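Okay, structure first, notes after.
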Amino acid sequence: MGLKGFAEGGVASIIAGASTHPLDLIKVRMQLQGESHIPNPSSVQSYRPAFALSSTANISLPTTLELPPPPRVGPLSIGLRIIQSEGAAALFSGVSATILRQTLYSTTRMGLYDVLKHKWTDPDTNTMPLVRKIVAGLISGAVGAAVGNPADVAMVRMQADGRLPIDQRRNYKSVVDALSQMSKQEGVASLWRGSGLTVNRAMIVTASQLASYDQAKEMILEKGLMSDGIGTHVAASFLAGFVASVASNPIDVIKTRVMNMKVEPGVEPPYKGALDCAMKTVKAEGPMALYKGFIPTISRQGPFTVVLFVTLEQVRKLLKDF
């Protein structure tokens with residue numbers, strides 16, 4: 001029963017992750033908009049005047065020219081911009097890391113949640129209280145995130161690479177190359193950079209996503225609104241995706257920025273940690289910056305959750321006799 005749950009969850013997660021990867025990439029790009037330490041291409045470097053004025057003239061010329069920053073754009077505009085500047089294939093940048101992340105993180109969390117669900121379900125009523133579902137989600141998410149953090153870091157960096165100036169891009173060839181370069185250049189500990197945020201986010205996402213799906217599905221079936229079919233699975237999973245998006249977006253923004261920051265020897269990193277990143281983000285961009293990328297988040301989390309649970313239910317039917 002235990003291994004079966006891991007296999008079912010893993011297959012469903014990989015399919016859902018790979019199919020919604022472009023939406024996740026756009027979400028990451030939006031979350032990184034406005035970072036103060038990223039070079040502003042609209043800022044022109046210092047220059048010297050092309051001619052000299054008489055020393056008696058009391059005229060001063062600026063040595064720098066600052067242009068207004070480019071306006072922030074929405075998910076559709078960002079998607080089109082990526083296709084125009086980097087090519088359509090760029091929408092799948094880091095998909096190898098996504099597949100590895102789903103294999104490690106989601107397989108673990110889905111399988112462990114299934115194990116706890118079977119252990120904590122009341123045998124008489126065949127139901128599980130909402131509180132136990134949430135606790136099971138918190139535990140499963142924490143363990144899964146700890147296992148999958150290296151792939152998560154690699155995925156964020158590969159997705160964000162195209163927005164950096166050409167001379168600053170990391171140009172990872174694959175998730176294996178990304179993990180190898182990070183280990184050599186920044187140390188093995190860099191693979192778990194932002195792990196605290198990853199664990200916190202995974203706990204919130206898993207608890208809200210899996211618990212709300214099971215709860216919504218039970219309520220739909222109990223009230224006789226729909227039968228146990230695809231319609232019920234889609235409705236319950238879409239609600240679960242919305243709840244997970246609202247709960248996790250602030251942590252997701254901070255996690256993305258901490259994981260993506262470039263650390264160089266002898267240079268102070270942009271953020272000292274998660275709290276420092278949150279404070280700097282709110283101070284520079286306002287509190288709503290923590291919900292930056294929410295539209296692509298829900299646009300991705302909704303389809304991802306629907307594909308995840310619909311696929312999971314179908315896989316369970318196929319493996320029912322095993």
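Positions of Cβ are set from backbone N, Cα and C atoms, glycine also.
Automatic prediction, not curation, is the source of TrEMBL annotations.
Residues annotated as repeat 'Solcar' in TrEMBL: 4-119 (among others).
The repeat 'Solcar' annotation in TrEMBL covers 128-219 (among others). Shown for the repeat 'Solcar' (128-219): DSSP residue counts in helix, strand and coil, namely 79 helix, 0 strand, 13 coil.
Residues or ranges marked as repeat 'Solcar' in TrEMBL: 228-318 (among others). Here the repeat 'Solcar' (228-318) is broken down by DSSP into helix, strand and coil counts: 73 helix, 0 strand, 18 coil.
The average pLDDT computed over the repeat 'Solcar' (228-318) stands at 87.
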